[in-house]
Amino acid sequence: MNMGVDKKQNTVLYISSAIALLFVLWGVFLPENMANVVNKVFALLTTNFGWLYLLAVAIFIIFVFGIAISRYGKIKLGADDDKPEFSNFQWFAMLFGGGMGIGLVFWSVAEPIMHFNSPPFGEPGTVEAMQTSMRVVFFHWGIHAWVNFAIAGLALAYFQFRKGLPFLISSAFYPLIGDRIYGPIGKAIDILAVFATIFGIATSLGLGSSQIATGIQYIWGIPAGPLTISLVIAVITVIFTLATVSGLHKAMQSIANVKVWLSVAFMVFIFYFGGKVFILNTFTQSLGDYLQNFVGQTFWMANESWVGGWTIFYWAWWIAWAPFVGQFVARVSKGRTIREFVFAVTLLPVGFSFIWLAIYGGAAFNLDQISGGFIQNAVNADYTTALFALLQQMPLYAITGPLAILLIVTCFVGAADSATYVLAMLTSNGDMDPSKKLRSFWGIMQGAMTIVLIVVGGTAALKALQTASIASAFPFMLIMLVMCYSILKALRSDHP
């Protein structure tokens, strides 16, 4: 099959697509075997290597901010005379947009309530548990997440815009292995980047489709089982794949605009009806707790099972997303200095995320108290209902419920469309305008792999999705650690 890639140089495509297809077939024909392997891999990595995930992300934080404040921070991502392609306002808006994803919509209500009911330490259901839950949520969605994207984006932008190398993860290793980035070692690095992206996105799409199906059940009574979730994934996959094939760029842009406006509208609506003063108090308290406990929480492993199920999952998820988000922030940052890039990428989206989480989480706690535990009970029964349980406690639920589903759909379509672009680019030698056929192929494959994880996981679908991220992120985490050294070596060599 010719998917618009040079046949002589598409090793990454052939190997990646073959492994992806084998994974799908494994889940279809041997689901119980896959489920057993999933459980064993999850236990192995979280039990034996949890410490490494925590240390790696801590190293990433030190590295990326160290580079930014050093003399290398003045270096441009591009030629010395390159100007930024976008104004500051446009650039900031794009980075803010990067923070609005399926995961944020999914977890912004569910996670605070889940930590409130089962905190990592202390008594559940107390004021202290509420404060701890919001602190932990800020921790999981804060700087520790975005430093991963900053490192991948910095590597892609520096070696593409300043050195003229392909827009591939393997290019970041040129200072270490030279032209061997075009050989087996470089191909292996790009293949690992492909699978980190596939499983990181599959986790997000799995969560998003589950929430859509639950919303349909919550509002219209249609059961939200694996079949419904699979149909949701299939239908949306067909939509964005057809849009890609047809070249309906205006349609995709319209969907992106709807996502932004709906996101802002929901934030304003929930802030107004969710208890403005309570939310502002929640934001202030949570931000202070986050900053005060930043270092200690970074290395905290006293409750290994909790850390394995939450923090390590998040760190792996963000690492798996690094090639995906990294290429986005790199593409829009040509002409920026390293210092501008690092501080904008790590702080602006985090600020937006904190506001979002404080509004949704604060409103959830406030309205849960007023309703006598309605939201808490809903989350205990099924955490995917959290957002709809919150909206049910506010006016205009007949309107906001369906609009919430529309918001999740726009997030799903946007993430899937961007993911297929990244996967097509990674498997076409860094071509920044990959063929529609190749993007369509990865769109279909992405949907199929997400369905496999949902069906194989069954009642434990979340664990299957978590394991997919943790397992795919492990080798890429090691790649990112070496990548940090390679970036530093390049900077020292180019700017002694």
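Every residue, even glycine, has its Cβ placed from backbone N, Cα and C.
Record features (Swiss-Prot):
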type: TRANSMEM; residues: 11-31; note: transmembrane segment
type: TRANSMEM; residues: 49-69; note: transmembrane segment
type: TRANSMEM; residues: 89-109; note: transmembrane segment
type: TRANSMEM; residues: 136-156; note: transmembrane segment
type: TRANSMEM; residues: 188-208; note: transmembrane segment
type: TRANSMEM; residues: 219-239; note: transmembrane segment
type: TRANSMEM; residues: 260-280; note: transmembrane segment
type: TRANSMEM; residues: 306-326; note: transmembrane segment
type: TRANSMEM; residues: 341-361; note: transmembrane segment
type: TRANSMEM; residues: 396-416; note: transmembrane segment
type: TRANSMEM; residues: 441-461; note: transmembrane segment
type: TRANSMEM; residues: 468-488; note: transmembrane segment
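The stretch from 11-31, 89-109, 260-280, 306-326 with the most CB pairs below 8 A to the transmembrane segment (441-461) is 11-31. Of the two recorded stretches, the transmembrane segment (260-280) lies close to the transmembrane segment (396-416), with three or more CB pairs under 8 Å once pairs fewer than 6 apart in sequence are set aside. It is 89-109 that, among the stretches 11-31, 89-109, 219-239, forms the most Cβ pairs under 8 Å with the transmembrane segment (136-156). Stretch with the most C-beta contacts under 8 angstroms to the transmembrane segment (468-488), considering only 11-31, 49-69, 89-109: 49-69. Distant neighbours of the transmembrane segment (11-31): 3, 5, 187, 190-191, 194-195, 198, 426-429, 438, 441, 445, 448-449, 452-453, 455-456; these residues of the same chain sit at least 6 beyond its ends, with a Cβ under 8 Å from one of its Cβ atoms. Of the candidate ranges 219-239, 306-326, 396-416, 396-416 has the most C-beta pairs within less than 8 angstroms of the transmembrane segment (89-109). The recorded stretches the transmembrane segment (49-69) and the transmembrane segment (396-416) do not share 3+ CB pairs below 8 A when only pairs 6 or more apart in sequence are counted, and are therefore not in contact. Among residues of the same chain six or more beyond the transmembrane segment (396-416), those with a C-beta under 8 A of the stretch's C-beta atoms are 100-102, 105-106, 201, 204-205, 208-209, 211-212, 215-216, 218-219, 236-237, 239-240, 252, 255-256, 258-259, 262-263, 266, 269, 387-388, 443, 446-447.
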